[in-house]
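Trainee: Take a look at this one; I'll ask things after.
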Amino acid sequence: MSVQRSSNNRKQRRFVNPFGPSSSRNLKGKKRQAHDAVNVGLHVVDTTSEGMDVLGPLMTACRTTKSILEVAQATENNQQEWKVLTCSLKEHITALQEQIALFQACPPQDRVVDQTLSRPLVTYVEFLENMHSKIVELQNKRSLSKLSFFKAFTKVEINVLELSKHIQDIVDQHRQFMVRVSSAFFTRSQQLQETLSSFTALRTQITETDTEVTKANAETILTGADLTAIFQLPMVTFVASSVHRTCLKGTRVAVLEMIDRWAHDTSEKPIFWLCDIAGSGKSTVAMTAAESWRRQGVLGGQFFFSIASSEGSTTEKFCSTIARELIDYIPDLAPYVAASVKRYPSFMRSSLEEQFRVLITQPLCHWRGCIILVIDALDECKSGSQRREIVETLAAAVGESNNLKIFMTSRPDPVIRAALESHLCKFKLEDRLHDINHRDNINDIAAYIHKSLDGVLPESKRQGLVEKANGLFIWASTACRMLNSETNLNSPETTYDRLISIDETGAIDDLYSLIFERMNPEYYTVMYRMLALLLGAYEPLTTGDLDDILKHAGENGSAKALVRNLGSVLAEDASTNLIQFRHPTFIEYLRRRSNVSVADGRDKLHINISNAHGQVASWCLKYLTSRINGLKFNICQLASSFYLNREIPDLEARVSRCIPRRLQYASSHWLFHMAETDDNWRSVVKQKVQHVIQVPYVLYWMEILSFTGGVARAILGLQAIIRHQRLEEANKIIMEEIRQFMMAFSVPIQDSAPHIYISALPFTPTRSRMHKEGLGYFTNTLSVTQGLDEVYQGLPRVLVGHDDSVNAILFFPNGSYIVSCSDDETIRIWDADTGQPRGEPLQGHESGVRTLTFSPDGSLIVSGSDDNTIRLWDAVTGRPEGEPFQGHNDAVNAIVFFPDGRRIASGSRDGTIRLWDADTGQPLGDPLRGHEDSVNALVLSSDGLKIFSGSDDCTIRVWDAVSGQALEEPIRGHEGPVNALAFSLDGLQIISGSSDNTIRMWNVESGQQLGEPLRDHEDWVVALSFSPDGSVFASGSFDNTIRLWDAKSLQSLGEPLQGHESPVTAISFSPDGSCLFSGSSDNMIRSWD
């Protein structure tokens, strides 16, 4: 690959000989002066032994760099390689001069550095002197002919590669030097003093007696380089204290004493799992325990998961947040955490287990005391696979560390339970907080209600509320806030009467409905729209954000008024102004009501999430396209392009100053809001979208993603919107190329924002839009003249890896991966974009794997095999989950997972259908019997209440999914075994494929055949799949072909798809409907556009 500097803009980038026409006569004298200056500078540096003024090496480095620049510029007929060097040296000089100016403003005593820092600075000056001598020597050896300096260089046996290496060495050494200098200034700057004060203020809370010692330690252990490393650790913005409180004094005594005994007993198991139903008060107990441990000096950190936040509902920033908390609570560990970050600068790309080991477990080796981490509401981590991974990570960590304990809370969750089941390191307290059989629970709620409503209601009525709460703390606390609300227009007695009139005790949904019934109906519309905005936001909004969105949408409303009027369920954090939902049960209540149609009547709550996403998308695009505060080149105002993001000492401060919070939100989430809104909103914002995705603004957007760690999320957002069926084709093509660009160059983009232009843009495929427009806009980037691809490497047409027939193919729910199974006894996972296998094959079955399905949340893969068993696999790690399900007497041909995630149904060659408990793997009841031969296919109705099965007995049967009883007479019509079934998108029709070579469509309710059989295949039909929009379905056959059919007219579309050399046994549409994958007895998987 040949690389050279672009010469498109020579007028702007002329490199003029600074010595004029007579420079050749004066060059020797000029070089001698520069050489002498360098020697003097080195003499000053070398005579400094103990402490050194950093200005010495800094100014010497600047002078020497200028000397090298003078020689390079004075060379006749400079070639491109030397222009690259010259350009780099100019940038180096600018950066050095800026640092000189900064240090000159400091008092002399603040410029002194010790040998730890001075030695690398001197090394750099020595390196520059060496380079200067080489270039001067080469210049003296130049031929008297008119050979260019480059040719003279080759004459002394230095080729282009060696020259490039010298240039790269200068760049690398300069970058390292500037990092050292920046760290020195950062350490001495006022910003560091403020940061140290902030850290010290937090640390003084750890103990009440050792404040001065703690302060001294903090100032001793935190160097500028340490802070630079620590600031690389991203944190979630959720503030637990804004919605969670500690327990009322004198309540939860028994539970808290039990937890405290566990914390201080070294013989106890290191993981404590507090498991109880929603609203029982788990988070309040967790806050109380954490506060107690903080005072005792044993709290290491806390993480409160929250479904209200995109970053608080995943594990992406879990380890880095805990690490930052660990530093705050145990400042003596700061240098060890910083050392880990510096040793593993790419830690955020590692697995969760590796992140935890690097950032927490390893630093804890340097601490002798007990450390407790608090993990609250783990069930609110949205991904089941992530919940499982975090439990496995924590279990591994307590096994490696003798002084680490974990206190975690969650609702009853089968994933968490299954993950913990295999570990003996846990102590479980389940259903203790709400169980009314424990009298102290009732007493605790009574104490809370009597204290909260003292003077508001008489004692007898307060006691009535205690009984109505039925042990559920969230019901009691919400009711008390309703009665204490300053905006309540009704008397407390009236509100009390409505609370008591709720039919079911502890019914939280009824309580939430009552809150809205109390509101003035004329405010319903604006209130529901504001709640929809809060519900649709991917991060909590401030009151100012919400008002700004309403203003942008041209709607009335006040965020603060909303919080005041709904204070029983909403809270505003006093320090950040973020609006928080007080409890996840209220979020779940709103989401359940989001699909309710608009209706008259006071009890009809309608949350239009789609419209809210459109409003927020438009708001995001307003900030992205703003000419003043929107996307711009070098948004963080970096002085040099030679630093990686992690090498910028004040990056966090720059991001905060240069990228406003709303612009950060817009950059991270606009794509996801676009993907969730409707056609009307997509039409409204079409022009602004086109503005953001065009060059150069799309590259400026990537700068923000690079600085804020948003590259991976942006790729997912592009995937989400590209898969949308009604996205304009032109925009879809552009966005697909942007996604390809970001995937191809994700590492340099994440590592350094300037490398978007330096290391990514020049190497784009020649026919790509980014190459044509980007290089035309940024004319001074590198020009790669040979070796570039014409297009991005796309998905291969054939995926090779299985050694026997491919029996089933499925897309992961998010469309990122494909999973397949085979008669070779393995399951394979493939990258849907590249077609490359992900990891090793999943092995565990002892015979061919026949069928696959996913759990509803996508965290589990379920497989059925010729070995008569069913297995569960972690969809992320590929590890088997639990023991095989055993009960069938022959091969398992078909599997479906019920929507509730609790049950699995399987069909077998033994002629039966079985229902299974997904958590335990135990059969539920007796097998469903009725078929007279092998059960080959199963599908569930959309409501999960009916099972449809196809069999070798040529029939289709319908079963009650609850009772297991056959509901009607078998559906008959096929003249051969029924091999495949699929539901239409609306759930009103079902299609079947048979060994009689036909496809038939049936009315689900009546069981009647619709139209004539489809007879175009010449052999058995064994696979069926509907497109995501339901307009087309595909069929795979033993005649080695795939056919596409119009779902309404039942007409064949085009010619059959040919390419497989054996029967087509599996087919699956991608989630966006853009391609179809097929598996065959030829062992191949093929993709079709």
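Including glycine, each Cβ sits where the backbone N, Cα and C put it.
Since the structure is predicted, the reported quantities are computational estimates derived from the model, not experimental observations.
For 259-411, the entry in TrEMBL reads domain 'Nephrocystin 3-like N-terminal'. Residues or ranges marked as region 'Disordered' in TrEMBL: 1-34. The annotation repeat 'WD' is assigned in TrEMBL to 799-840, 842-883, 885-926, 928-969, 971-1012, 1014-1055, 1057-1089.
I would like each feature placed in context: is it buried or exposed, what are its neighbours, and how far apart are things?
Mentor: Remote same-chain residues near the repeat 'WD' (799-840) are listed as 716, 719, 723, 743, 793, 846-854, 858, 861, 863, 865-866, 873, 875, 878, 1062, 1065-1072, 1077-1081, 1083-1087 (criterion: CB distance under 8 Å, separation of at least six residues from the stretch ends).
If one looks beyond the repeat 'WD' (842-883) by at least 6 residues along the same chain, the residues whose Cβ comes under 8 Å of a Cβ in the stretch are 382-389, 415, 418, 421, 804-805, 807-810, 812-814, 819-829, 889-901, 904, 906, 908, 916, 918, 921.
Confidence in the repeat 'WD' (885-926), given as mean pLDDT, stands at 94.
Counting only same-chain residues 6+ beyond the ends of the repeat 'WD' (928-969), those with a CB under 8 A from a CB of the stretch are 890, 893-896, 898-900, 905-915, 975-983, 987, 990, 992, 994, 1002, 1004, 1007.
Under DSSP, the residues of the repeat 'WD' (971-1012) split into helix, strand and coil as follows: 0 helix, 22 strand, 20 coil.
Remark: secondary structure over the repeat 'WD' (1014-1055) totals 0 helix, 23 strand, 19 coil, with classes taken from DSSP.
When Cβ-Cβ distances below 8 Å are used as the criterion, the repeat 'WD' (1057-1089) is approached by residues 722-725, 795-800, 802-811, 813-815, 818, 820, 822, 824, 830, 832, 835, 1019-1020, 1022-1029, 1034-1044 of the same chain, each at least six residues removed from its ends.
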Trainee: May I ask for the residues of the chain that lie six or more residues beyond the repeat 'WD' (971-1012) and have a Cβ under 8 Å from a Cβ within it?
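Mentor: Contacts with the repeat 'WD' (971-1012): 933-934, 936-939, 941-942, 948-958, 1018-1026, 1029-1030, 1033, 1035, 1037, 1045, 1047, 1050.
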Trainee: Provide the three-state DSSP residue tally for the repeat 'WD' (885-926): helix first, then strand, then coil.
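Mentor: Output for the repeat 'WD' (885-926) reads 0 helix, 20 strand, 22 coil.
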